[in-house]
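Quick look at what TrEMBL annotates:
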type	residues	note
DOMAIN	79-292	domain 'ABC transmembrane type-1'
DOMAIN	342-557	domain 'ABC transporter'
TRANSMEM	21-40	transmembrane segment
TRANSMEM	46-66	transmembrane segment
TRANSMEM	150-168	transmembrane segment
TRANSMEM	237-259	transmembrane segment
TRANSMEM	271-290	transmembrane segment
Amino acid sequence: MLLIDLLRSRTRIDLRHAVGLLSLASIATTMVLIIVNLAAEQAEDGVASMRYLGMMALSLIGYIWAQKKSSDLIAAEVEHILHQLRLSLFDRVRKAAPDTLAKVGQGAVQTALTQEMQTVSAALPLMLNGVQQVVLIICVAAYLAWLSTFAFVMISVLAVVVSTIHLQRMRKINAATRDAIDDENLLFGGLTDLLHGFKEVKMNSRRRDALLGALNDRSIRARDTKSVVKAQWSREFALIQLAFYGMMAAMVFIVPIFTSDYHDVAVQTTTAALFMIGPIGAVVASVPSFTDSDVALRKINDIDHQLEDALDAQHAQEATNGTSSPETLEKLGGALGNIAEISLRDVRFAYPGTTDSPGFAVGPINATFKKGEITFITGGNGAGKSTIIAVLTGLRPAASGSIMVNDCPLPSDALQLYRDHFATVLSDYHLFRELYGIDDIDPKRVETLLKQMEIDDNVEIDDNAFSTTSLSQGQRKRLALIAALLEEKPVLVLDEWAADQDPHFRSVFYEKILPSLRKQGKIIICVTHDDRWFDAADTIYHVRDGEFVDGRQTTSA
Ligand SMILES: Nc1ncnc2c1ncn2[C@@H]1O[C@H](COP(=O)(O)OP(=O)(O)OP(=O)(O)O)[C@@H](O)[C@H]1O
(Lines of atoms letter the chains of each structure in order from A; the text may use other names.)
(Lines give C-alpha, C1' and ligand atoms only; values in the text may rest on other atoms or scores of the structure.)
Protein backbone atom coordinates (compact mmCIF):
# COMPACT_ATOMS: atom_id res chain seq x y z
CA MET A 1 0.00 0.00 0.00
CA LEU A 2 1.38 3.38 -1.06
CA LEU A 3 0.39 5.00 2.23
CA ILE A 4 2.55 2.56 4.19
CA ASP A 5 5.46 2.99 1.73
CA LEU A 6 5.11 6.74 2.15
CA LEU A 7 5.17 6.45 5.94
CA ARG A 8 8.21 4.20 5.84
CA SER A 9 10.19 6.29 3.38
CA ARG A 10 9.43 9.77 4.68
CA THR A 11 9.10 9.48 8.43
CA ARG A 12 11.74 10.96 10.76
CA ILE A 13 10.58 8.97 13.76
CA ASP A 14 11.15 5.33 14.60
CA LEU A 15 7.86 3.77 13.56
CA ARG A 16 8.39 1.01 16.15
CA HIS A 17 8.33 3.71 18.83
CA ALA A 18 5.01 5.08 17.54
CA VAL A 19 3.50 1.59 17.21
CA GLY A 20 4.84 0.81 20.72
CA LEU A 21 2.98 3.81 22.15
CA LEU A 22 -0.20 2.90 20.26
CA SER A 23 0.13 -0.68 21.54
CA LEU A 24 0.59 0.56 25.10
CA ALA A 25 -2.67 2.51 24.85
CA SER A 26 -4.39 -0.65 23.53
CA ILE A 27 -2.90 -2.85 26.27
CA ALA A 28 -4.05 -0.33 28.92
CA THR A 29 -7.58 -0.46 27.42
CA THR A 30 -7.54 -4.27 27.52
CA MET A 31 -6.40 -4.09 31.14
CA VAL A 32 -9.49 -1.99 31.90
CA LEU A 33 -11.65 -4.74 30.38
CA ILE A 34 -9.95 -7.48 32.38
CA ILE A 35 -10.19 -5.48 35.62
CA VAL A 36 -13.90 -4.75 35.00
CA ASN A 37 -14.52 -8.48 34.52
CA LEU A 38 -12.60 -9.41 37.67
CA ALA A 39 -14.20 -6.63 39.73
CA ALA A 40 -17.65 -7.67 38.44
CA GLU A 41 -17.03 -11.22 39.71
CA GLN A 42 -16.24 -9.81 43.16
CA ALA A 43 -19.23 -7.48 42.97
CA GLU A 44 -21.44 -10.60 42.50
CA ASP A 45 -20.26 -11.62 45.98
CA GLY A 46 -21.06 -8.14 47.31
CA VAL A 47 -17.38 -7.06 47.55
CA ALA A 48 -16.09 -3.75 46.12
CA SER A 49 -12.33 -4.24 45.58
CA MET A 50 -10.18 -1.15 46.19
CA ARG A 51 -7.22 -3.04 44.66
CA TYR A 52 -9.03 -3.37 41.35
CA LEU A 53 -10.11 0.27 41.58
CA GLY A 54 -6.45 1.30 41.98
CA MET A 55 -5.38 -0.95 39.10
CA MET A 56 -8.11 0.50 36.94
CA ALA A 57 -7.00 4.06 37.75
CA LEU A 58 -3.39 3.11 36.86
CA SER A 59 -4.50 1.54 33.58
CA LEU A 60 -6.51 4.65 32.70
CA ILE A 61 -3.55 6.91 33.50
CA GLY A 62 -1.35 4.67 31.32
CA TYR A 63 -3.93 4.84 28.53
CA ILE A 64 -4.20 8.65 28.68
CA TRP A 65 -0.42 9.08 28.72
CA ALA A 66 0.25 6.71 25.80
CA GLN A 67 -2.69 8.12 23.84
CA LYS A 68 -1.53 11.74 24.27
CA LYS A 69 2.09 10.90 23.47
CA SER A 70 1.19 8.93 20.36
CA SER A 71 -1.36 11.53 19.16
CA ASP A 72 1.15 14.39 19.51
CA LEU A 73 3.87 12.39 17.79
CA ILE A 74 1.64 11.25 14.96
CA ALA A 75 -0.04 14.62 14.33
CA ALA A 76 3.38 16.32 13.98
CA GLU A 77 4.71 13.49 11.82
CA VAL A 78 1.72 13.42 9.47
CA GLU A 79 2.07 17.13 8.79
CA HIS A 80 5.83 16.74 8.36
CA ILE A 81 5.33 13.99 5.75
CA LEU A 82 2.81 16.12 3.84
CA HIS A 83 5.18 19.08 4.02
CA GLN A 84 7.94 16.90 2.51
CA LEU A 85 5.63 15.76 -0.27
CA ARG A 86 4.65 19.34 -1.06
CA LEU A 87 8.29 20.47 -1.06
CA SER A 88 9.24 17.69 -3.44
CA LEU A 89 6.51 18.78 -5.89
CA PHE A 90 7.42 22.48 -5.47
CA ASP A 91 11.04 21.61 -6.22
CA ARG A 92 10.16 19.75 -9.39
CA VAL A 93 7.93 22.62 -10.53
CA ARG A 94 10.75 25.07 -9.77
CA LYS A 95 13.18 23.13 -11.97
CA ALA A 96 10.72 22.53 -14.80
CA ALA A 97 11.04 24.36 -18.10
CA PRO A 98 7.81 26.05 -19.35
CA ASP A 99 7.21 23.17 -21.79
CA THR A 100 7.71 20.57 -19.06
CA LEU A 101 5.02 22.13 -16.92
CA ALA A 102 2.70 22.54 -19.90
CA LYS A 103 3.19 18.85 -20.77
CA VAL A 104 2.18 17.64 -17.28
CA GLY A 105 -0.62 20.20 -17.00
CA GLN A 106 -0.80 23.03 -14.46
CA GLY A 107 -4.30 21.93 -13.41
CA ALA A 108 -3.10 18.40 -12.61
CA VAL A 109 -0.22 19.76 -10.50
CA GLN A 110 -2.61 22.08 -8.66
CA THR A 111 -5.08 19.25 -7.96
CA ALA A 112 -2.24 17.06 -6.66
CA LEU A 113 -1.05 19.81 -4.33
CA THR A 114 -4.49 20.68 -2.97
CA GLN A 115 -7.27 18.12 -3.25
CA GLU A 116 -5.17 14.93 -3.25
CA MET A 117 -2.96 16.21 -0.40
CA GLN A 118 -6.06 16.91 1.68
CA THR A 119 -7.32 13.38 1.14
CA VAL A 120 -4.00 11.93 2.29
CA SER A 121 -3.88 14.35 5.23
CA ALA A 122 -7.30 13.18 6.42
CA ALA A 123 -6.44 9.48 5.97
CA LEU A 124 -3.06 9.29 7.72
CA PRO A 125 -4.32 9.88 11.31
CA LEU A 126 -7.24 7.55 10.67
CA MET A 127 -4.85 4.88 9.50
CA LEU A 128 -2.72 5.21 12.61
CA ASN A 129 -5.83 5.10 14.78
CA GLY A 130 -6.76 1.95 12.84
CA VAL A 131 -3.40 0.43 13.81
CA GLN A 132 -4.19 1.13 17.47
CA GLN A 133 -7.62 -0.46 17.16
CA VAL A 134 -6.12 -3.53 15.46
CA VAL A 135 -3.68 -3.93 18.37
CA LEU A 136 -6.62 -3.59 20.76
CA ILE A 137 -8.55 -6.29 18.88
CA ILE A 138 -5.50 -8.59 19.08
CA CYS A 139 -5.14 -7.97 22.85
CA VAL A 140 -8.83 -8.64 23.51
CA ALA A 141 -8.64 -11.74 21.28
CA ALA A 142 -5.69 -13.00 23.38
CA TYR A 143 -7.77 -12.42 26.52
CA LEU A 144 -10.60 -14.37 24.89
CA ALA A 145 -8.19 -17.21 24.10
CA TRP A 146 -7.16 -17.27 27.74
CA LEU A 147 -10.80 -17.38 28.87
CA SER A 148 -11.91 -20.06 26.39
CA THR A 149 -9.71 -21.67 23.73
CA PHE A 150 -12.73 -23.11 21.93
CA ALA A 151 -14.49 -19.71 21.73
CA PHE A 152 -11.28 -18.14 20.45
CA VAL A 153 -10.76 -20.77 17.72
CA MET A 154 -14.36 -20.47 16.62
CA ILE A 155 -14.15 -16.67 16.43
CA SER A 156 -10.83 -16.86 14.57
CA VAL A 157 -12.29 -19.19 11.92
CA LEU A 158 -15.29 -16.90 11.54
CA ALA A 159 -12.96 -13.86 11.26
CA VAL A 160 -10.86 -15.56 8.54
CA VAL A 161 -13.99 -16.45 6.51
CA VAL A 162 -15.49 -12.96 6.81
CA SER A 163 -12.14 -11.26 6.01
CA THR A 164 -11.69 -13.38 2.87
CA ILE A 165 -15.18 -12.47 1.63
CA HIS A 166 -14.56 -8.84 2.56
CA LEU A 167 -11.21 -8.64 0.73
CA GLN A 168 -12.74 -10.15 -2.41
CA ARG A 169 -15.44 -7.51 -2.38
CA MET A 170 -12.90 -4.77 -1.62
CA ARG A 171 -11.33 -5.21 -5.08
CA LYS A 172 -14.62 -4.19 -6.68
CA ILE A 173 -14.99 -1.28 -4.26
CA ASN A 174 -11.45 -0.04 -4.99
CA ALA A 175 -12.10 -0.01 -8.73
CA ALA A 176 -15.39 1.84 -8.19
CA THR A 177 -13.59 4.35 -5.90
CA ARG A 178 -11.04 5.11 -8.63
CA ASP A 179 -13.88 5.70 -11.13
CA ALA A 180 -15.65 7.96 -8.63
CA ILE A 181 -12.54 10.07 -8.06
CA ASP A 182 -11.93 10.39 -11.82
CA ASP A 183 -15.52 11.52 -12.31
CA GLU A 184 -15.15 14.04 -9.50
CA ASN A 185 -11.94 15.45 -11.01
CA LEU A 186 -13.71 15.86 -14.35
CA LEU A 187 -16.43 17.76 -12.54
CA PHE A 188 -13.87 20.03 -10.83
CA GLY A 189 -12.30 20.80 -14.26
CA GLY A 190 -15.71 22.01 -15.48
CA LEU A 191 -16.16 24.06 -12.33
CA THR A 192 -12.88 25.83 -13.05
CA ASP A 193 -14.29 26.85 -16.46
CA LEU A 194 -17.46 28.13 -14.79
CA LEU A 195 -15.58 30.19 -12.20
CA HIS A 196 -12.72 31.49 -14.37
CA GLY A 197 -14.99 32.18 -17.34
CA PHE A 198 -17.76 33.60 -15.17
CA LYS A 199 -18.17 36.81 -17.18
CA GLU A 200 -18.15 35.00 -20.53
CA VAL A 201 -20.74 32.58 -19.17
CA LYS A 202 -22.93 35.46 -17.97
CA MET A 203 -22.67 37.20 -21.34
CA ASN A 204 -23.82 34.29 -23.47
CA SER A 205 -26.83 32.21 -22.51
CA ARG A 206 -26.12 29.50 -25.10
CA ARG A 207 -22.60 29.06 -23.75
CA ARG A 208 -23.98 29.13 -20.20
CA ASP A 209 -26.60 26.46 -20.98
CA ALA A 210 -24.08 24.24 -22.76
CA LEU A 211 -21.53 24.53 -19.95
CA LEU A 212 -24.14 23.98 -17.22
CA GLY A 213 -25.49 21.02 -19.21
CA ALA A 214 -22.01 19.48 -19.33
CA LEU A 215 -21.53 20.21 -15.61
CA ASN A 216 -24.89 18.65 -14.86
CA ASP A 217 -23.93 15.48 -16.77
CA ARG A 218 -20.60 15.27 -14.97
CA SER A 219 -22.27 15.89 -11.62
CA ILE A 220 -24.79 13.12 -12.33
CA ARG A 221 -21.95 10.73 -13.21
CA ALA A 222 -20.03 11.71 -10.05
CA ARG A 223 -23.22 11.32 -8.00
CA ASP A 224 -23.97 7.86 -9.46
CA THR A 225 -20.45 6.46 -9.10
CA LYS A 226 -20.11 7.90 -5.58
CA SER A 227 -23.46 6.49 -4.48
CA VAL A 228 -22.49 3.06 -5.85
CA VAL A 229 -19.30 3.19 -3.77
CA LYS A 230 -21.18 4.35 -0.67
CA ALA A 231 -23.84 1.65 -1.09
CA GLN A 232 -21.11 -0.96 -1.45
CA TRP A 233 -19.51 0.27 1.75
CA SER A 234 -22.84 0.18 3.61
CA ARG A 235 -23.26 -3.44 2.55
CA GLU A 236 -19.75 -4.12 3.84
CA PHE A 237 -20.56 -2.56 7.21
CA ALA A 238 -23.74 -4.63 7.37
CA LEU A 239 -21.80 -7.82 6.51
CA ILE A 240 -19.25 -7.15 9.24
CA GLN A 241 -21.89 -6.29 11.82
CA LEU A 242 -23.83 -9.41 10.88
CA ALA A 243 -20.68 -11.48 11.29
CA PHE A 244 -20.16 -9.88 14.67
CA TYR A 245 -23.67 -10.69 15.88
CA GLY A 246 -23.22 -14.19 14.47
CA MET A 247 -20.11 -14.48 16.61
CA MET A 248 -22.05 -13.39 19.72
CA ALA A 249 -24.80 -15.87 18.97
CA ALA A 250 -22.21 -18.64 18.48
CA MET A 251 -20.66 -17.81 21.84
CA VAL A 252 -23.88 -18.07 23.79
CA PHE A 253 -25.59 -20.86 21.81
CA ILE A 254 -22.88 -23.05 20.25
CA VAL A 255 -19.78 -22.85 22.51
CA PRO A 256 -21.67 -24.14 25.60
CA ILE A 257 -22.67 -27.27 23.65
CA PHE A 258 -19.03 -28.22 23.03
CA THR A 259 -17.32 -27.08 26.25
CA SER A 260 -18.28 -28.24 29.72
CA ASP A 261 -16.70 -25.50 31.88
CA TYR A 262 -17.82 -22.61 29.66
CA HIS A 263 -20.51 -21.40 32.07
CA ASP A 264 -17.72 -20.14 34.42
CA VAL A 265 -16.48 -17.65 31.85
CA ALA A 266 -19.55 -17.09 29.64
CA VAL A 267 -20.23 -13.59 30.99
CA GLN A 268 -16.57 -12.47 30.75
CA THR A 269 -16.25 -13.88 27.22
CA THR A 270 -19.42 -12.13 26.07
CA THR A 271 -18.28 -8.87 27.69
CA ALA A 272 -14.90 -9.16 25.94
CA ALA A 273 -16.63 -9.80 22.62
CA LEU A 274 -18.91 -6.80 23.16
CA PHE A 275 -15.80 -4.76 23.94
CA MET A 276 -14.60 -5.45 20.40
CA ILE A 277 -17.57 -3.73 18.72
CA GLY A 278 -16.02 -0.25 18.94
CA PRO A 279 -12.54 -1.17 17.62
CA ILE A 280 -13.95 -3.32 14.80
CA GLY A 281 -16.30 -0.50 13.80
CA ALA A 282 -13.42 2.01 13.87
CA VAL A 283 -11.18 -0.24 11.75
CA VAL A 284 -13.91 -0.85 9.17
CA ALA A 285 -14.89 2.83 9.07
CA SER A 286 -11.30 3.88 8.44
CA VAL A 287 -10.82 1.55 5.47
CA PRO A 288 -12.63 3.74 2.86
CA SER A 289 -10.35 6.66 3.65
CA PHE A 290 -7.32 4.37 3.14
CA THR A 291 -8.69 3.46 -0.26
CA ASP A 292 -9.32 7.13 -1.12
CA SER A 293 -5.89 8.14 0.10
CA ASP A 294 -4.23 5.31 -1.81
CA VAL A 295 -5.89 6.53 -5.00
CA ALA A 296 -4.92 10.14 -4.14
CA LEU A 297 -1.32 9.11 -3.46
CA ARG A 298 -1.20 7.25 -6.76
CA LYS A 299 -2.24 10.45 -8.49
CA ILE A 300 0.35 12.52 -6.59
CA ASN A 301 3.00 9.91 -7.45
CA ASP A 302 1.88 9.92 -11.04
CA ILE A 303 2.29 13.69 -11.32
CA ASP A 304 5.61 13.45 -9.47
CA HIS A 305 6.85 10.79 -11.92
CA GLN A 306 5.62 12.69 -14.96
CA LEU A 307 7.48 15.77 -13.74
CA GLU A 308 10.52 13.63 -12.93
CA ASP A 309 10.52 12.01 -16.40
CA ALA A 310 10.12 15.38 -18.09
CA LEU A 311 12.93 16.78 -15.92
CA ASP A 312 15.17 13.78 -16.72
CA ALA A 313 14.63 14.44 -20.43
CA GLN A 314 15.35 18.12 -19.81
CA HIS A 315 18.56 17.26 -17.87
CA ALA A 316 19.67 14.75 -20.54
CA GLN A 317 19.31 17.52 -23.11
CA GLU A 318 21.28 19.90 -20.88
CA ALA A 319 23.97 17.25 -20.29
CA THR A 320 24.62 16.94 -24.03
CA ASN A 321 25.58 20.61 -23.92
CA GLY A 322 28.23 19.91 -21.27
CA THR A 323 29.03 21.64 -18.00
CA SER A 324 30.80 24.97 -17.84
CA SER A 325 34.18 25.24 -16.16
CA PRO A 326 34.49 27.43 -13.04
CA GLU A 327 36.62 29.87 -15.10
CA THR A 328 33.85 30.25 -17.71
CA LEU A 329 31.26 30.84 -14.99
CA GLU A 330 33.54 33.32 -13.27
CA LYS A 331 34.05 35.23 -16.52
CA LEU A 332 30.30 35.22 -17.14
CA GLY A 333 29.66 36.38 -13.57
CA GLY A 334 32.04 39.30 -14.19
CA ALA A 335 30.26 40.20 -17.43
CA LEU A 336 26.84 39.97 -15.79
CA GLY A 337 28.06 42.20 -12.98
CA ASN A 338 28.66 44.97 -15.48
CA ILE A 339 26.53 44.39 -18.57
CA ALA A 340 27.40 46.76 -21.41
CA GLU A 341 25.46 44.86 -24.07
CA ILE A 342 23.64 41.65 -24.79
CA SER A 343 23.83 40.24 -28.31
CA LEU A 344 22.00 37.45 -30.07
CA ARG A 345 24.14 35.75 -32.73
CA ASP A 346 22.38 33.48 -35.19
CA VAL A 347 20.01 32.40 -32.45
CA ARG A 348 17.33 29.89 -33.39
CA PHE A 349 14.50 28.30 -31.46
CA ALA A 350 11.52 26.12 -32.42
CA TYR A 351 8.53 24.88 -30.43
CA PRO A 352 8.13 21.10 -30.51
CA GLY A 353 6.00 20.18 -33.51
CA THR A 354 3.55 17.37 -34.13
CA THR A 355 3.87 14.50 -36.61
CA ASP A 356 1.83 16.56 -39.08
CA SER A 357 3.47 19.97 -38.73
CA PRO A 358 6.70 21.40 -37.35
CA GLY A 359 6.50 23.81 -34.42
CA PHE A 360 6.76 27.56 -35.00
CA ALA A 361 10.41 28.56 -35.39
CA VAL A 362 12.30 31.80 -34.86
CA GLY A 363 15.74 32.69 -36.21
CA PRO A 364 18.37 33.17 -37.20
CA ILE A 365 18.20 36.25 -34.97
CA ASN A 366 21.04 38.74 -34.81
CA ALA A 367 20.64 41.76 -32.58
CA THR A 368 22.43 43.84 -29.97
CA PHE A 369 20.85 45.49 -26.94
CA LYS A 370 23.01 48.14 -25.30
CA LYS A 371 23.26 49.70 -21.84
CA GLY A 372 21.52 53.06 -21.70
CA GLU A 373 19.56 52.34 -24.88
CA ILE A 374 15.94 51.64 -25.64
CA THR A 375 15.12 48.91 -28.17
CA PHE A 376 11.63 48.36 -29.57
CA ILE A 377 10.55 45.05 -31.08
CA THR A 378 7.57 45.38 -33.39
CA GLY A 379 5.64 43.07 -35.69
CA GLY A 380 2.21 41.58 -36.39
CA ASN A 381 0.30 39.14 -34.22
CA GLY A 382 1.92 35.71 -34.20
CA ALA A 383 5.12 37.06 -35.83
CA GLY A 384 7.21 35.65 -32.96
CA LYS A 385 7.97 38.70 -30.79
CA SER A 386 7.13 37.04 -27.45
CA THR A 387 8.98 33.89 -28.50
CA ILE A 388 12.10 35.94 -29.23
CA ILE A 389 11.70 37.65 -25.84
CA ALA A 390 11.43 34.21 -24.18
CA VAL A 391 14.72 33.14 -25.82
CA LEU A 392 16.42 36.48 -25.11
CA THR A 393 15.48 36.34 -21.42
CA GLY A 394 16.63 32.71 -21.12
CA LEU A 395 13.13 31.38 -20.38
CA ARG A 396 13.45 29.14 -23.41
CA PRO A 397 16.92 27.83 -24.28
CA ALA A 398 18.11 28.62 -27.81
CA ALA A 399 18.48 25.57 -30.03
CA SER A 400 21.52 27.04 -31.75
CA GLY A 401 23.51 30.24 -32.05
CA SER A 402 24.73 32.12 -29.02
CA ILE A 403 23.74 34.79 -26.56
CA MET A 404 26.67 37.03 -25.68
CA VAL A 405 26.94 39.11 -22.51
CA ASN A 406 29.52 41.74 -23.43
CA ASP A 407 32.02 39.45 -25.19
CA CYS A 408 31.24 36.43 -23.06
CA PRO A 409 29.10 33.60 -24.53
CA LEU A 410 26.26 32.40 -22.30
CA PRO A 411 26.57 28.66 -21.63
CA SER A 412 23.29 26.71 -21.46
CA ASP A 413 23.91 25.63 -17.85
CA ALA A 414 24.03 29.25 -16.64
CA LEU A 415 20.57 30.34 -17.76
CA GLN A 416 19.29 30.93 -14.22
CA LEU A 417 22.30 33.10 -13.39
CA TYR A 418 21.61 35.07 -16.59
CA ARG A 419 17.83 35.32 -15.96
CA ASP A 420 18.50 36.79 -12.52
CA HIS A 421 19.71 40.00 -14.24
CA PHE A 422 16.38 40.68 -15.95
CA ALA A 423 13.26 42.42 -14.66
CA THR A 424 10.24 41.71 -16.83
CA VAL A 425 6.59 42.48 -17.33
CA LEU A 426 5.68 39.89 -19.95
CA SER A 427 2.43 39.77 -21.90
CA ASP A 428 1.06 36.97 -19.69
CA TYR A 429 2.52 38.48 -16.50
CA HIS A 430 1.33 37.59 -13.03
CA LEU A 431 1.02 40.39 -10.50
CA PHE A 432 2.23 39.25 -7.06
CA ARG A 433 0.75 41.21 -4.19
CA GLU A 434 3.76 40.33 -2.05
CA LEU A 435 7.07 41.72 -3.27
CA TYR A 436 8.86 38.37 -3.02
CA GLY A 437 12.62 38.62 -3.26
CA ILE A 438 12.72 42.41 -2.88
CA ASP A 439 14.12 43.34 0.51
CA ASP A 440 14.88 46.62 2.22
CA ILE A 441 12.44 48.62 0.14
CA ASP A 442 13.15 52.33 0.41
CA PRO A 443 9.79 54.01 1.24
CA LYS A 444 10.91 57.20 -0.55
CA ARG A 445 11.63 55.29 -3.75
CA VAL A 446 8.23 53.58 -3.50
CA GLU A 447 6.52 56.91 -3.00
CA THR A 448 8.27 58.37 -6.05
CA LEU A 449 7.36 55.36 -8.21
CA LEU A 450 3.71 55.35 -7.08
CA LYS A 451 3.53 59.08 -7.88
CA GLN A 452 5.30 58.60 -11.22
CA MET A 453 2.78 55.84 -12.12
CA GLU A 454 -0.06 58.07 -10.90
CA ILE A 455 -1.50 55.47 -8.55
CA ASP A 456 -0.33 56.92 -5.24
CA ASP A 457 -4.00 57.62 -4.35
CA ASN A 458 -4.97 53.98 -4.87
CA VAL A 459 -2.11 51.86 -3.55
CA GLU A 460 0.63 51.87 -0.99
CA ILE A 461 3.20 49.31 0.02
CA ASP A 462 2.71 47.83 3.49
CA ASP A 463 4.80 45.10 4.94
CA ASN A 464 6.54 44.29 1.65
CA ALA A 465 3.24 43.95 -0.21
CA PHE A 466 0.95 46.13 -2.29
CA SER A 467 -2.03 47.21 -0.18
CA THR A 468 -4.33 46.06 -3.00
CA THR A 469 -4.21 44.59 -6.50
CA SER A 470 -7.93 45.05 -7.12
CA LEU A 471 -7.41 47.72 -9.75
CA SER A 472 -8.06 48.33 -13.42
CA GLN A 473 -5.99 46.40 -16.01
CA GLY A 474 -3.88 49.46 -16.78
CA GLN A 475 -3.28 50.19 -13.08
CA ARG A 476 -2.34 46.55 -12.39
CA LYS A 477 0.28 46.80 -15.15
CA ARG A 478 1.64 49.96 -13.54
CA LEU A 479 2.02 48.01 -10.27
CA ALA A 480 3.80 45.20 -12.16
CA LEU A 481 6.19 47.80 -13.59
CA ILE A 482 6.82 49.24 -10.11
CA ALA A 483 7.64 45.73 -8.85
CA ALA A 484 9.99 45.20 -11.82
CA LEU A 485 11.73 48.52 -11.18
CA LEU A 486 12.12 47.80 -7.46
CA GLU A 487 14.07 44.69 -8.43
CA GLU A 488 16.84 47.08 -9.61
CA LYS A 489 18.00 44.80 -12.45
CA PRO A 490 20.25 46.02 -15.27
CA VAL A 491 17.91 44.75 -18.02
CA LEU A 492 14.22 45.64 -18.27
CA VAL A 493 11.97 43.76 -20.69
CA LEU A 494 8.37 44.87 -21.26
CA ASP A 495 6.07 42.96 -23.60
CA GLU A 496 3.26 45.21 -24.87
CA TRP A 497 3.27 47.01 -21.53
CA ALA A 498 1.56 50.15 -22.83
CA ALA A 499 -1.27 48.29 -24.58
CA ASP A 500 -3.62 48.73 -21.58
CA GLN A 501 -2.68 52.37 -20.83
CA ASP A 502 -4.84 55.39 -21.65
CA PRO A 503 -3.46 57.92 -24.18
CA HIS A 504 -2.32 60.27 -21.41
CA PHE A 505 -0.32 57.63 -19.56
CA ARG A 506 1.07 56.18 -22.80
CA SER A 507 2.70 59.52 -23.44
CA VAL A 508 3.96 59.60 -19.83
CA PHE A 509 5.44 56.14 -20.37
CA TYR A 510 7.14 56.82 -23.70
CA GLU A 511 8.13 60.43 -23.05
CA LYS A 512 9.07 60.41 -19.35
CA ILE A 513 9.41 56.95 -17.83
CA LEU A 514 11.44 55.26 -20.61
CA PRO A 515 13.85 58.19 -21.04
CA SER A 516 14.46 58.35 -17.28
CA LEU A 517 15.21 54.60 -17.22
CA ARG A 518 17.60 55.08 -20.14
CA LYS A 519 19.38 57.76 -18.10
CA GLN A 520 19.79 55.22 -15.28
CA GLY A 521 21.84 53.11 -17.71
CA LYS A 522 19.46 50.17 -18.06
CA ILE A 523 19.13 48.03 -21.16
CA ILE A 524 15.48 48.54 -22.08
CA ILE A 525 13.66 46.23 -24.47
CA CYS A 526 9.99 46.80 -25.26
CA VAL A 527 7.64 44.88 -27.52
CA THR A 528 5.23 47.48 -28.83
CA HIS A 529 2.72 48.31 -31.54
CA ASP A 530 2.67 52.04 -30.67
CA ASP A 531 4.09 53.46 -33.92
CA ARG A 532 3.28 56.99 -32.72
CA TRP A 533 6.14 56.72 -30.24
CA PHE A 534 8.66 54.75 -32.32
CA ASP A 535 10.92 57.80 -32.07
CA ALA A 536 11.39 57.10 -28.35
CA ALA A 537 13.60 54.11 -29.25
CA ASP A 538 17.28 54.05 -30.11
CA THR A 539 16.82 50.89 -32.16
CA ILE A 540 13.78 49.16 -33.62
CA TYR A 541 13.65 45.56 -34.76
CA HIS A 542 10.71 44.46 -36.87
CA VAL A 543 9.74 40.80 -36.70
CA ARG A 544 8.11 38.85 -39.52
CA ASP A 545 7.69 35.06 -39.53
CA GLY A 546 10.12 34.60 -36.66
CA GLU A 547 12.90 36.74 -38.12
CA PHE A 548 14.14 40.29 -37.70
CA VAL A 549 13.54 41.85 -41.10
CA ASP A 550 14.59 45.36 -40.21
CA GLY A 551 16.88 46.63 -37.49
CA ARG A 552 17.01 50.35 -37.72
CA GLN A 553 18.75 52.94 -35.65
CA THR A 554 16.42 55.84 -35.02
CA THR A 555 17.77 59.32 -35.17
CA SER A 556 15.80 61.33 -32.67
CA ALA A 557 16.61 59.32 -29.56
N1 LIG B 1 3.75 27.54 -26.04
C2 LIG B 1 3.74 27.42 -27.37
N3 LIG B 1 3.86 26.19 -27.94
C4 LIG B 1 3.87 26.05 -29.26
N5 LIG B 1 3.76 27.07 -30.13
C6 LIG B 1 3.63 28.31 -29.64
C7 LIG B 1 3.61 28.55 -28.23
N8 LIG B 1 3.48 29.88 -28.04
C9 LIG B 1 3.42 30.45 -29.25
N10 LIG B 1 3.51 29.51 -30.22
C11 LIG B 1 3.54 29.73 -31.67
O12 LIG B 1 4.43 30.78 -31.92
C13 LIG B 1 3.84 31.74 -32.78
C14 LIG B 1 4.35 33.12 -32.39
O15 LIG B 1 3.84 33.42 -31.10
P16 LIG B 1 4.33 34.69 -30.30
O17 LIG B 1 3.56 34.72 -29.04
O18 LIG B 1 5.79 34.70 -30.22
O19 LIG B 1 3.84 35.85 -31.27
P20 LIG B 1 3.78 37.41 -31.03
O21 LIG B 1 4.50 38.04 -32.17
O22 LIG B 1 4.25 37.75 -29.67
O23 LIG B 1 2.23 37.68 -31.18
P24 LIG B 1 1.25 38.73 -30.46
O25 LIG B 1 1.55 40.09 -31.02
O26 LIG B 1 -0.08 38.25 -30.87
O27 LIG B 1 1.49 38.65 -29.00
C28 LIG B 1 2.34 31.57 -32.63
O29 LIG B 1 1.71 31.77 -33.85
C30 LIG B 1 2.18 30.13 -32.20
O31 LIG B 1 1.94 29.35 -33.35
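Any Cβ shown, glycine's included, is placed from N, Cα and C.
Sequence-distant contacts of the transmembrane segment (46-66) (same chain, six or more residues past either end, CB-CB distance under 8 Å): 21-22, 24-25, 28-29, 31-32, 35-36, 38-39. For the transmembrane segment (150-168), same-chain residues at least 6 beyond its ends with a Cβ under 8 Å from one of its own Cβ atoms are 141, 144, 236, 239-240, 243, 246-247, 250-251, 254-255, 258-259, 262, 269, 273.
Long-range contacts of the transmembrane segment (271-290) within its own chain (CB-CB distance under 8 A, at least 6 residues past either end) are made by residues 1, 3, 33, 36-37, 40, 119, 122-123, 126-127, 129-130, 133-134, 136-137, 140-141, 143-144, 147, 155, 170, 177, 229, 233, 236-237, 240, 244, 247-248, 251.
The list of residues near the transmembrane segment (237-259) in space but at least 6 beyond its ends in sequence, with Cβ under 8 angstroms from a Cβ of it, reads 148, 150-151, 154-155, 158-159, 162, 165-166, 169, 266, 269-270, 273-274, 276-277, 280, 284-285.
For the domain 'ABC transporter' (342-557), the model's pLDDT averages out at 90.
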